[in-house]
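What follows is one structure encoded as structure tokens, with my remarks underneath.
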């Protein structure tokens with residue numbers, strides 16, 4: 001009985017090992033996971049086109065309210081009010097002009 005189970009185990013082992021040897025992917029299938037250097041450089045150059053002079057990120061637009069915001073930050077009353085109701089409403093209440 002032991003020899004029969006040992007032979008069966010050896011046969012299963014040989015069968016499994018032969019399947020693993022034949023299970024390697026062919027060259028055409030494994031090449032699909034990678035791209036050529038030319039295709040890769042096209043992708044990188046396409047992405048660089050959207051960056052600002054190679055600095056890493058597009059340049060932000062200047063905020064037109066920044067000078068008013070700095071004036072409001074220098075006034076403690078306006079700064080405190082801006083924390084509660086927002087910058088534009090606080091600036092309008094303190095200085096009386098619309099932003």
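Each residue, glycine too, has its Cβ placed from N, Cα and C.
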Self-check item: In Swiss-Prot, the member of 58, 62, 76 to which hydroxyproline is assigned
Solution: 58
Quiz item: Over all shown protein chains, what is the count of other CB atoms within 10 A of the CB belonging to residue 73 (Ca(2+) 2 binding site)?
Solution: 12
Self-check item: Cα separation, residue 66 (4-carboxyglutamate) to residue 78 (disulfide bond) (Å, whole number)
Solution: 15
Practice problem: With H, G and I counted as helix, E and B as strand and the rest as coil, say where DSSP puts residue 79 (Ca(2+) 3 binding site). | Solution: helix
